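The following features are taken from TrEMBL:
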DOMAIN    23-288  domain 'NADH:quinone oxidoreductase/Mrp antiporter transmembrane'
TRANSMEM  60-81  transmembrane segment
TRANSMEM  93-116  transmembrane segment
TRANSMEM  136-166  transmembrane segment
TRANSMEM  178-196  transmembrane segment
TRANSMEM  202-219  transmembrane segment
TRANSMEM  240-261  transmembrane segment
TRANSMEM  281-305  transmembrane segment
DOMAIN    290-343  domain 'NADH dehydrogenase subunit 2 C-terminal'
TRANSMEM  317-339  transmembrane segment
Amino acid sequence: MNPYVLTILLSSLGLGTVLTFASSHWLLAWMGLEINTLAIIPIMAQQHHPRAIEATTKYFLTQATAAAMILFASTTNAWLMGEWEIHQLSHPLATTTVMLALALKLGLAPVHFWLPEVLQGLELTTGLILSTWQKLAPFALMIQVAPTINSSLLVAIGLLSTLVGGWGGLNQTQLRKIMAYSSIAHLGWMVLILQFAPSLTLLSLSLYIIMTSSAFLTLKTNNALTINTLATSWTKSPTLAALAALVLLSLGGLPPLSGFMPKWLILQELTKQGLPLSATLAAMTALLSLYFYLRLCYALTLTIYPNTLTATAPWRLNFTMITLPLSIITILALGLLPLTPAVTAMLAL
C-alpha cells in the first residue's frame with residue numbers, strides 16, 4: 001500500500017477513536033465509530049486475497065449493523081426522554097439496545113461469531129490492530145453507559161463470553177482463531193467487573209492490550225499461522241520461543257506473570273460484591289482458556305518439527321525485522337505483577 005494512503009488511513013483510525021473518547025453526544029460518538037470502521041476497511045482488504053475480502057465484508061456488515069443499532073437506540077432515547085447526552089441514557093429499551101450493539105462491536109458472546117472468522121482472514125499486523133486498538137472506542141462508550149445497564153445482563157454477558165472464549169479455542173489449530181477466542185474470554189472478564197469497578201476494567205484492558213500485542217508480534221516474528229509451524233520457531237530463535245511460552249502463560253493468567261494481576265483483583269472484587277458464584281464460574285472458565293495456551297506452549301517448546309535433513313544449515317539470512325517494540329512489550333507482559341500493591345493503592349484513590 002502507498003505510504004501516503006496508509007498514513008491517511010492510520011490517522012483517520014486514530015481520529016475516529018479520539019473523537020469517540022472526547023464526545024458526550026451520541027451523534028458525535030457514532031460519527032467517531034463510523035470513521036474508525038471506514039478507516040480500517042482498506043487496511044484489512046489490502047492483501048487482495050479472497051479470504052481477506054471475505055473477512056473485510058463480514059467485518060463491515062457487523063460493524064454497520066452495530067452502528068445502526070447505536071443510532072436507533074440513541075434516537076429512541078432522545079425521542080422518549082428528550083436527552084442526547086451519553087450519560088443521560090435512561091430508557092430501558094435504549095440501554096439494552098446500546099449494550100447489545102456495543103457487544104456486537106467488541107465481539108462479546110452471544111454475538112461473537114464474526115470475530116474468529118474475520119481475524120482468520122487477516123494478516124497478523126491487521127489482526128493486532130483489530131484485537132487491540134479497535135476495542136478502545138466501544139469500550140469507552142460501554143464504561144460511560146454501564147451505570148444505567150442492568151447488572152444481571154452485564155454479569156451474564158461476561159460469564160458467557162469467558163465460557164465461549166475458553167470453549168471455542170479448545171479444538172482450534174489456527175493461531176489467529178485461537179487469539180480471537182482469547183480476546184472474547186478476556187473481554188468477558190472486563191465486562192464482568194465493569195459495573196462494580198470500572199478502574200479494574202481499564203487495568204484489565206491495558207494488560208490485555210500489552211499481552212495480546214506481545215503474542216501477535218511474536219507470531220509475526222516467527223511467521224507462524226498454525227500450531228504446527230510453531231514447532232519450527234525453537235530452531236529459529238530459542239530465546240524468543242521461551243519468552244513466547246511465558247507470554248502465553250501470562251495470557252492464561254498464571255502467577256507470577258502479569259496476566260495474573262487482573263484476574264486476581266477481579267475475583268477479589270466479585271467476592272467483595274457478594275458474587276462468589278460468579279467468581280467461581282469465571283475462575284473455572286479460565287481453566288478452559290489455560291488449556292489451549294498450554295497446548296501452544298507444548299507445541300512451542302516441547303516438540304521438534306519433522307526434519308529430514310541430517311545436517312544443520314551452515315548459513316542463515318540476516319534478520320531484518322525491528323524487534324525493539326516486541327522486546328519492550330514482552331518485558332511488560334511478563335514482569336508487572338510485583339507492581340500490584342502500587343496499582344491497588346492507585347485504584348483505591
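Here the Cβ of each residue, glycine as well, is placed from N, Cα and C on the backbone.
Keep in mind that TrEMBL annotations are predicted by a computer and have not been checked by a curator.
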Checklist outcome for this item: In the same chain, residues at least 6 away from the ends of the transmembrane segment (60-81) whose Cβ sits under 8 Å of its Cβ atoms read 26-27, 29-30, 33-34, 37, 41, 88-91, 93-95, 97-98, 100-102, 104-105, 114, 118, 141
Next on the checklist: Are there residues at least six beyond either end of the transmembrane segment (93-116) with Cβ under 8 Å to its Cβ atoms? List them, or say none.
Outcome noted: 33, 58-59, 62-63, 65-67, 69-70, 72-74, 76-77, 80-81, 135, 138-139, 141-142, 145, 148-150, 153-154, 157, 160-161, 163-165, 168, 176-177, 180-181, 183-184, 187-188, 191
Checklist outcome for this item: The answer for the transmembrane segment (136-166), taking Cβ pairs under 8 Å and residues 6+ beyond its ends, is 16-17, 20-21, 29, 32-33, 36, 70, 86-87, 89-90, 95-96, 98-99, 102-103, 105-106, 108-110, 112, 181-195, 198, 201-202, 205, 275, 278, 281-282, 285-289, 291-292
